[in-house]
């Protein structure tokens, strides 16, 4: 796979190479050691205690990080398979893409209890079950976005390049490696980075959770914080937050930055842009002779073998499908196979669905009505959180966006702030609420905002900096000021971005409602009346009918709002306020 | 000589939204023999690129067959390679890697592939650039990579899709010469070249034979043998006479098919996408020449591409501001009057000709006048057009008509309400 090798000229070994070598060794050793901790015996009665000693934090951080990367790897594999099938098979596309759309808007955290129970049943008596559930929660927070990005790249691959690949007789594997993956790379890296940032939230929420009357703690930073909150240990809380911050920054600098820089070589435009991202880690790796050796002796041969195997498979499968096509009887095969799969999946789902339905049917209508009411309360909170977010982010975001100097400073800071899991900050606000006896019915809106406002801010800045310079100049020539300028120039130009930001923020707020409507500090529990609190209480008690009902109602709310509010605004933004 | 590629009764129809399938190619049969350099000529939108893609096996024909060495092809034609107008280079691969892509399906070791690719890179004149990336190269050099990538697999037939149109004049000339030299000196094992182009001069300069297609649906109008010995002098009388001949073939079909005979048939003809302003400029230029002018010379004199030129000729004859006789264009009395008129008089003249020669405009006005509020939703007219043209074309035709009628001050249009109304009512 020539794709993954850069043209590196011969360089001498340097001191940096020793550091890199040491780093690689330590990395392998750590992964082994951390991985060993994943499959220790476990039962809700006898579980690994979470120590509040700060010197345990590096280990916990490692465990959390391992979870994040496993989930990311899983998301990546899912993305490739799901996205590829959806893009290549017309029939599958009709099912997979709407399904993905729904999966994307469903509040993931609501399902946590279900998945934990399922995974624990898979790995009885081992911590692996809970580990998997946590990883799965992170996965569900990451995968959909990345899959959409990959799918989109596949279907929008430039037509002339596709034709060139076809006429050069590339098989599907060669096409994937030489054309489709490179085309998708920039979007994939960017969306991967964003999804990974969002994943921290799910990590923190899924490590320590009360399910079916049991408190489950996975060794990790999130659990450390939860234990600290339970014990009311302020110092430990600070430590855990600091650890989180360091982790986020390190992953950004060591992993994502170099990837972003590397992915720039897959730009489709044939012109060179002036504003290229840079990364010192990437430069370091580029310059290292060791990396070159590893590339030459380990990675390249491995890639070659891998490439060879898949090439053979592709050749065989192409030949097989050709011979099948010539026999006209099996011409409908590309339609029949997914059809059978769909029927199979539906069949498997039939029984659980029936059970769930029976469960719902057994509930009283009064209960149903009250749940809808709870959903409405949460809906109001989500709306208020979004509005409050708009009120402060628009003026500040526009200010930053119009001043390149400011945006250069603030962009990375905001990016870190956005990836920082808001639920780790909840304890501080909870303490304030307890101290000043704030009405939590309204107070929890602040908790919701904590995580979601960044998406709006991000998009406001992006929208503002994409206003064409000539429009700004025109507005200053005509001496446009105040409300007039906002009305004619700024608001219309940031509108499409604003809608995108609001959609993401609204999804985040619904998710956040599950963890933010019910918080505790030491001995104090704060509960707000709403669907989120309802779901998390039902999860703690292990009341299945309530869990199922709560999640269903929340999904209905979210999907309805998406269909009737966001999609319409989005279309309006595309048609009317699109700047080309 | 044996037939390398045989195209037999190929038809192509595309399903268009809002209308039954539109025919793009009709009954195309061509034999390409070994040693032949064939040019396929036609106005833009005539489906010549579609024909090339059918030959390549990139898209299937609706009916008819394409055979390579006597056997009908299924899927991609095994004997061809293609050069694209947009170059279609992979930006993340170096020149060498791009060219080696042409050998990807061959059973060779990497070293053999590399050696072959380097040899071809040398032939197409890119020696020393093998490690450069496409973005570092100029347009002409990029297309050399495209040609190299096509040649490296030693195809029997080289397909070129407007391969020189994206390049500037000098670069294109240089590249044409170099390719022709490779071909004539047999430096490449290619047995036939098929070049799709809209440039008549390009075709006459390079090819042994030119096939001329008409527009929508494309049929073969003429198959012209070009026997002038190489290298051809573009200023020689033989050269110019063939160019002239082809030129008249390309314009003839269209102009005989146009109104004035058509109005009573009430059949909608697709109108050429030309703004009123462009037409005015064109007529003024013709007026300045003050004589009957050869169409081909006119195009080169205005330094224009056929792409821009044909619609202008088409509209000025449609509105009877000019007439074309045997490849020569001449202003009519109205045309001369128009060219000399003031801005306001022009509007009046334009409106008169529009009403007289574009039946649909007349129809629109009649409909608007019959309404009490003199207003009509634009969708109504679009639907009328869509019955003949399909939704997409109907929209662009409607926009064109509105722009003409606004210029002629016949109707007004409110974009927010999407309503057409008569000028006089407001």
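Heads up, the Cβ atoms here are built off N, Cα and C, so glycines get one too.
TrEMBL lists A:61-255 (among others) with the feature domain 'ABC transmembrane type-1'.
Summarising the annotation, TrEMBL assigns domain 'ABC transmembrane type-1' to A:375-565 (among others).
The transmembrane segment feature in TrEMBL is assigned to A:12-32 (among others).
Positions annotated as transmembrane segment by TrEMBL: A:65-87 (among others).
Among the features that TrEMBL reports, transmembrane segment is placed at A:99-122 (among others). Beyond the transmembrane segment (A:99-122), the same-chain residues lying 6 or more positions past its ends with a Cβ under 8 Å from any Cβ of the stretch are 82, 86, 129-130, 132-133, 136-137, 140-141, 144-145, 147-148, 151, 202, 205-206, 209, 211-212, 216, 507, 510-511, 513-515, 535, 539, 542, 547, 550-551, 554-555, 558-559, 562.
Feature annotation from TrEMBL assigns transmembrane segment to A:128-151 (among others).
Annotated transmembrane segment per TrEMBL: A:181-203 (among others), in sequence order. Outside the transmembrane segment (A:181-203) by six or more residues, the chain places 3, 64, 67-68, 71-72, 75-76, 79, 108-109, 134, 137-138, 140-143, 145-146, 148-150, 152-154, 157-158, 161, 220-222, 244, 248, 251, 256, 259-260, 263-264, 266-268, 415, 418-423, 451, 508, 511 with a CB less than 8 A from a CB of the stretch.
Summarising the annotation, TrEMBL assigns transmembrane segment to A:236-256 (among others). Within the chain, the transmembrane segment (A:236-256) has long-range Cβ neighbours (under 8 A, six or more residues past its boundaries) at 52, 54, 57-58, 60-61, 64-65, 68, 189, 193, 196-197, 200, 204, 221, 224-225, 227-229, 279, 281, 415-416, 419-421, 424-425, 427-428.
Feature annotation from TrEMBL assigns transmembrane segment to A:332-350 (among others).
Residues 444-445, 448-449, 452-453, 456-457, 498, 502, 505-506, 509-510, 513, 517, 528-534, 549-550, 553-554, 557, 561 of the same chain, all 6+ positions outside the transmembrane segment (A:370-392), place their C-beta atoms under 8 angstroms from a C-beta of that stretch. The transmembrane segment annotation in TrEMBL covers A:370-392 (among others).
The transmembrane segment annotation in TrEMBL covers A:413-434 (among others). Residues of the same chain lying 6 or more positions beyond the ends of the transmembrane segment (A:413-434) and with a Cβ under 8 Å from any Cβ of it are 196-198, 200-201, 203-205, 222, 225, 228-229, 237, 240-241, 244-245, 248-249, 252, 440, 443, 446-447, 450-452, 454-455, 457-458, 461, 512, 515-516, 519-521, 524, 526.
Summarising the annotation, TrEMBL assigns transmembrane segment to A:440-462 (among others).
Outside the transmembrane segment (A:489-510) by six or more residues, the chain places 104-105, 107, 198, 378, 381-382, 385-386, 389-390, 394, 397-398, 448, 451-453, 455-460, 462-464, 466-467, 471-472, 475, 480, 554, 557-558, 561-562, 566, 569-570, 572-574, 577-579 with a CB less than 8 A from a CB of the stretch. TrEMBL lists A:489-510 (among others) with the feature transmembrane segment.
According to TrEMBL, the feature transmembrane segment maps to A:547-566 (among others).
Highest Cβ pair count under 8 Å relative to the transmembrane segment (A:65-87), across stretches A:12-32, A:128-151, A:547-566: A:128-151. Only residues 6 or more beyond the boundaries of the transmembrane segment (A:547-566), in the same chain, are considered here, and those with a CB under 8 A from a CB of the stretch are 102, 105-107, 110-111, 113-114, 356, 359-360, 363, 367-368, 371-372, 374-375, 378-379, 499, 502-503, 506-507, 510, 531-532, 534-535, 538-539. Sequence-distant contacts of the transmembrane segment (A:12-32) (same chain, at least 6 residues past either end, Cβ-Cβ under 8 Å): 62, 66, 284-285, 287-291.
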